[in-house]
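Pulled from Swiss-Prot, these are the features on record:
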ACT_SITE  CYS174  active site, thioimidate intermediate
BINDING   203-226  NADP(+) binding site
Amino acid sequence: MEVFDYENVQLIPNKCLISSRSEADTSVEFGGHRFKLPVVPANMASVIDDKLAIWLAENGYFYIMHRFEPGKRFNFVTDMKQRGLISSISVGVKEEEYRLIDELVDAGLTPDYITIDIAHGYANTVIDMIHYIKKHLPKAFVVAGNIATPDAVRELEDAGADATKVGIGPGRACITKLKTGFGTAGWQLAAVRLCAKAARKPIIADGGIRHNGDIAKSVRFGASMVMIGSLFAGHKQSPGSDLVIDHRHYKQYYGSASAKQKGVYKNVEGKDLLVPYRGDIANTLNEMAQDLQSSISYAGGNNLQALRTVNYVIVQNTIMNGD
């Protein structure tokens, strides 16, 4: 098996066919809707809240609301429906999550997107939840994860998942690799490639994104969407706490399996970090769009499809060369 990660890969340029980078179309169709970018902020409590979800939906970006305030999800779906915006929530697999599905059914509410979000998504509990959602809310687009292997992709798709989310512990706030010895840290991009080759439906590459160019690499190796945590955690709209240390502004960023999120030190596989403050999220999204337009121009096309066929090289150590 060929193993590599984002820092080990460089894409090889093709002849540019557009007059200006601005001609490149970065939009993507996902689940019956078209979004401006193939990126989605991580569904983590320190990355997204209801206010940011509304802003993203209003401005043409995909989002997935986190599941860590379970009592608010029903009202969140109701509010988004009333606003005429896309509704996208996360659920787990415990008994109370089934009750939420029942409440939505009873109220005649179908979220546009439901993401089944647990650390090890290749599980019977996830398959059972897919079956339940598809039986009772058949029009919802179901994303299931997180997973790491082609077998997992095939089984979750066969169960009814409309998309799968790939990545076990490659993110900055995750320490699954250290606590358990398992995961895709260090080979996340190769895992995306393996899973995409097996997939008949879209996949979301989740975790390990350190630079904007990693978005293009994810698309090259088969991702329809790219989930990003740390790069989206430092904005004025980010829910994490603001801190100033030695006159430098930071935002708090913590993993979904961290003691901070759990409220107790039990089965901890995440950590609490500080990330530099980055201002308005709109500026970051604009920069990502511009960089992705440049990527498309290097690929020799005018849309994301051009990225999927470019050649690449694997370098020995890292493309950063000490930078």
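Even glycines carry a Cβ here, placed using N, Cα and C.
Cβ contacts within 10 Å of SER224 (NADP(+) binding site), excluding its own Cβ and spanning all protein chains shown: 20. Within the same chain, residues at least six positions away from ILE209 (NADP(+) binding site) with a Cβ under 8 Å of its Cβ are TYR6, ILE215, SER218, VAL226, MET227, ILE228, GLY229, SER230, LEU231. Neighbour counts of Cβ atoms within 10 Å were compared for the binding-site residues ASN212, SER218, and the top value is held by SER218. ILE215 (NADP(+) binding site): 28 other CB atoms within 10 A of its CB, across all protein chains. Around PHE221 (NADP(+) binding site), the C-beta neighbours below 8 angstroms that are at least 6 residues distant in the chain are LEU189, VAL192, ARG193, ALA196, ALA205.
ASP206 (NADP(+) binding site): 31 other CB atoms within 10 A of its CB, across all protein chains. For the pair ASP206 (NADP(+) binding site) and CYS174 (active site, thioimidate intermediate), the C-alpha distance works out to 12 angstrom. Recorded residues ILE203 (NADP(+) binding site) and the residue listed as 'active site, thioimidate intermediate' have their alpha carbons 20 Å apart, per Cα-Cα distance. Over all protein chains present, the Cβ of ILE203 (NADP(+) binding site) has 26 other Cβ atoms lying within 10 Å.
Using a 10 Å Cβ-Cβ cutoff, CYS174 (active site, thioimidate intermediate) registers 25 neighbours.
DSSP assigns SER218 (NADP(+) binding site) to a helix. ASN212 (NADP(+) binding site) sits 20 Å from the residue listed as 'active site, thioimidate intermediate', counting Cα to Cα.
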